[in-house]
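Chemist: The structure follows.
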Amino acid sequence: MPPPPNTSELLRTERSNSNINISAITALLDHNLTLRRREIESRIESCPTFSNLPNANLSRLELHSRALAKHIKMMEIARQLRISLDDCTSPEFVMLVQAVADDLPTLLHWGMFVPNIKCLCDDEQTKKWLPLCSDCRVVGCYAQTEMGHGSNVRGLETTAVYDKATESFTISTPTLTSTKFWPGSLGKSANTAMVIAQLIDSTGANRGVHNFIVPIRDLNTHSPLPGVTVGDIGSKLGYNKMDNGYLKLDRVVIPRENMAMRFSQINANGIYEKINLDDSTAKISYITMMQVRAQIVAMASTALAQACTISIRYSAVRTQGFDATGKKERQILDYVQQQHRLFGYLASSYTFFFSGRRIMENLKSIERGVLEGTRSVSKYQIGDLHASLSTLKAFCSTVAAEGIENCRRACGGHGYLVASGFPELLTTYQQNPTVEGDNYMLPQQTGKVLLKLLGAIIDGDGVDTVEAEWAGCDAFYLIDGIRRLSENSAAEVIESPEAAIDVALLLKILKRRSSRILVEVGTSINEGLGEGAELSEVWNDSLVQIARVSNAHAGVLLMQSFDDFLKSEELTGKELDAMKQLACLFGLMLVEKDAGDFQDILDKAGVDHVRKAVLLVLKKIRPNAVGLVDAFDFSDFRLKSVLGRYDGEVYEHLMKSCEADMMNRQQVIQPVVSLGGSGLTSKL
Ligand SMILES: Cc1cc2nc3c(=O)[nH]c(=O)nc-3n(C[C@H](O)[C@H](O)[C@H](O)COP(=O)(O)OP(=O)(O)OC[C@H]3O[C@@H](n4cnc5c(N)ncnc54)[C@H](O)[C@@H]3O)c2cc1C
């Protein structure tokens with residue numbers, strides 16, 4: 001029998017075989033703030049309050065209260081390190097929250113409540129509420145979803161009825177199904193809710209859904225206020241330190257000034273009015289709200305990076321199956337199938353990073369420009385941003401959710417252990433395809449914008465006008481793509497697998513696919529309407545195809561961002577080569593996965609060459625695989641995985657984690673009749 005593997009030695013060998021400068025890539029991923037990030041991480045990791053042991057053995061209540069203590073300590077450290085908590089999109093805020101490596105129950109306060117105050121409240125209101133939010137005297141949540149309505153916001157049943165005499169709103173959840181259900185931080189932590197309700201003015205007219213700041217708990221005692229029934233919705237698949245809550249409001253009265261009044265208000269005379277804001281203010285607010293989706297794209301990259309770090313390091317130390325000599329076992333990372341399962345997600349993580357960075361920079365630059373009066377933004381650009389963010393949020397969080405599970409499976413049985421780090425990562429992440437717009441709803445948003453563009457090209461004032469309107473937009477490529485569809489019907493010629501390893505070629509193919517599917521879907525919708533069908537029926541019949549339009553557009557945007565990065569010269573030499581390989585793998589795998597979409601764009605030989613090219617690129621990536629996950633620079637504290645440890649001492653720590661488990665604290669476990677406070681009685 002061969003000797004057992006020296007796992008640490010295997011990882012050391014991987015690292016010495018890699019030819020890339022890892023710290024150069026780390027600096028890039030850290031926005032050149034690596035030292036600052038490590039400073040923040042070391043402050044968190046050296047503080048016992050942030051220990052994540054023994055999270056696996058704590059009850060939900062213990063986990064929640066422990067996470068509250070982490071929140072308080074995190075605020076203290078933020079003050080000491082001069083990190084502002086007011087902008088949840090700032091790199092330092094993100095680094096701090098990620099360093100904690102645990103879910104804080106107050107996260108929705110910073111992530112949703114504060115941005116809502118900033119965007120939707122007028123200057124006087126923000127002056128009042130923001131300072132209260134900054135020191136967490138007010139801890140807020142965002143209460144939109146109800147038990148009976150989520151995606152259909154117009155169907156919400158909660159009402160805010162205005163009374164002219166008392167200049168106040170009465171907020172009610174009149175039915176069981178109108179109970180606010182799901183808002184994070186609502187269950188136990190928040191004392192104030194941003195409640196989304198139908199506004200009924202003093203004439204009895206329904207003015208649609210608006211935002212209202214509703215105090216729900218006493219600021220001093222934290223007890224629910226009169227008319228408020230509030231609690232936690234119970235244990236979930238994961239994310240259980242977070243207190244997602246329910247809320248019933250029985251004629252709760254709030255002053256007129258608690259309606260968020262930047263865009264519309266009930267004035268002192270009780271008249272409902274839309275505020276005639278200059279265009280830019282409205283756009284700034286809209287852009288700020290869009291940042292949450294950009295953050296989800298970035299988070300998809302980080303979550304996949306974490307999953308890849310665990311599975312690729314583990315695959316490098318795990319040996320299974322004899323090599324040709326029969327004397328040595330192979331590292332499972334050397335199986336091409338394992339590479340095919342894992343490296344695509346590695347490539348996706350890097351791809352999502354570049355797209356997330358680009359779209360966030362774009363949003364910030366528009367925001368700055370509009371605020372400073374140096375930049376204007378058209379309705380076409382706003383629509384384009386909305387289309388890009390909707391499709392990227394849906395695409396990236398879907399891939400990440402699937403990817404984490406596939407990385408887990410690629411670790412075999414040990415991936416099923418809590419100690420692998422996967423159960424927590426996986427179950428916490430699985431909410432992302434649902435929150436901030438369900439991933440099957442968002443493609444419809446993208447589809448609407450792109451179909452409007454198609455309509456303008458076909459029926460509008462001509463291509464020149466459309467080109468001027470959409471200049472600088474992400475969807476601009478479609479104008480040319482659609483125009484060329486008729487003249488460019490021949491298949492792309494790919495002469496060999498090597499020739500397919502070409503970012504420019506892959507981008508071209510992806511653009512052709514996106515243009516073609518959009519025209520196909522647009523034509524089919526028009527045909528349906530032409531036959532006299534109702535728009536909503538035709539739309540419903542087209543939903544599956546509209547999702548294809550959105551996905552194809554996402555493929556182009558992602559590949560385009562990667563290509564822009566490759567041309568930026570931020571990296572050079574071997575590191576740039578490694579990035580090119582990842583970009584190609586991402587593009588090739590998109591084609592490989594949806595080969596049917598590329599009929600007519602590629603001939604059969606072309607598709608075969610793409611499949612072979614995937615295998616060639618996997619071989620090129622293999623020597624740098626561990627280096628490319630090391631570059632993410634996750635500390636063991638953040639990774640929380642015995643399988644993904646930096647030192648490779650997997651088996652030693654696997655055993656230690658078993659020995660430390662609660663089940664092994666006593667040899668013989670006695671059957672009990674009464675189980676704790678649950679009131680359950682065993683059937684003994
Ligand atoms: C962990 C977590 C945290 C959350 N945090 C918050 C929070 O802080 N605040 C808050 O207000 N809410 C929160 N939510 C709620 C979340 O926003 C909603 O769950 C989400 O919007 C989906 O709504 P729904 O659950 O009602 O699903 P539904 O709208 O009932 O959707 C169910 C299914 O039907 C499909 N569907 C629905 N309508 C259509 C349509 N028109 N066309 C095609 N398909 C359709 C959807 O794609 C989906 O697959 C949270 C949810 C989770 C899981």
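Even glycines carry a Cβ here, placed using N, Cα and C.
Just so you know, TrEMBL annotations are computer predictions that nobody has curated.
Summarising the annotation, TrEMBL assigns domain 'Acyl-coenzyme A oxidase N-terminal' to 25-138. Residues annotated as domain 'Acyl-CoA oxidase/dehydrogenase middle' in TrEMBL: 141-252. The FAD binding site feature in TrEMBL is assigned to T145, G184. Residues or ranges marked as domain 'Acyl-CoA oxidase C-alpha1' in TrEMBL: 286-451. The active site, proton acceptor feature in TrEMBL is assigned to E436. Per TrEMBL, the feature domain 'Acyl-CoA oxidase C-terminal' maps to 503-669.
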Chemist: Going by DSSP, is G184 (FAD binding site) part of a helix, a strand, or coil?
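Modeler: The residue in question, G184 (FAD binding site), is coil (DSSP, three-state).
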Chemist: Of T145, G184, E436, the recorded positions listed, which put a C-beta under 6 Å from ligand 1? Please answer none if none do.
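Modeler: The qualifying recorded positions are T145, G184.
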Chemist: Sorry to bug you, but what's the C-alpha spacing from E436 (active site, proton acceptor) to T145 (FAD binding site), rounded to the closest Å?
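Modeler: Each residue's Cα considered, T145 (FAD binding site) and E436 (active site, proton acceptor) end up 11 Å apart.
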Chemist: Relative to the Cβ position of T145 (FAD binding site), how many further Cβ atoms are located within 10 Å?
Modeler: 18
Chemist: What whole-number Å value do you get for the CA-CA distance of G184 (FAD binding site) and E436 (active site, proton acceptor)?
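Modeler: That separation, Cα to Cα, works out to 12 Å.
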Chemist: Count the Cβ atoms, other than its own, that fall within 10 Å of the Cβ of E436 (active site, proton acceptor), considering every protein chain shown.
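Modeler: Its Cβ has 19 other Cβ atoms within 10 Å.
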Chemist: Note down the number of other Cβ atoms within 10 Å of the Cβ of G184 (FAD binding site), including every protein chain shown.
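Modeler: Other Cβ atoms found within 10 Å: 26.
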Chemist: Tell me the residue counts in helix, strand and coil for the domain 'Acyl-coenzyme A oxidase N-terminal' (25-138), as DSSP assigns them.
Modeler: 80 helix, 0 strand, 34 coil
Chemist: I want to verify one value. Collapsing DSSP to three states, which class is T145 (FAD binding site)?
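Modeler: For T145 (FAD binding site) - judged by DSSP and reduced to three states - the answer is coil.
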Chemist: Please average pLDDT over the domain 'Acyl-CoA oxidase C-terminal' (503-669) for the predicted structure.
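Modeler: Mean pLDDT across the domain 'Acyl-CoA oxidase C-terminal' (503-669) comes out at 97.
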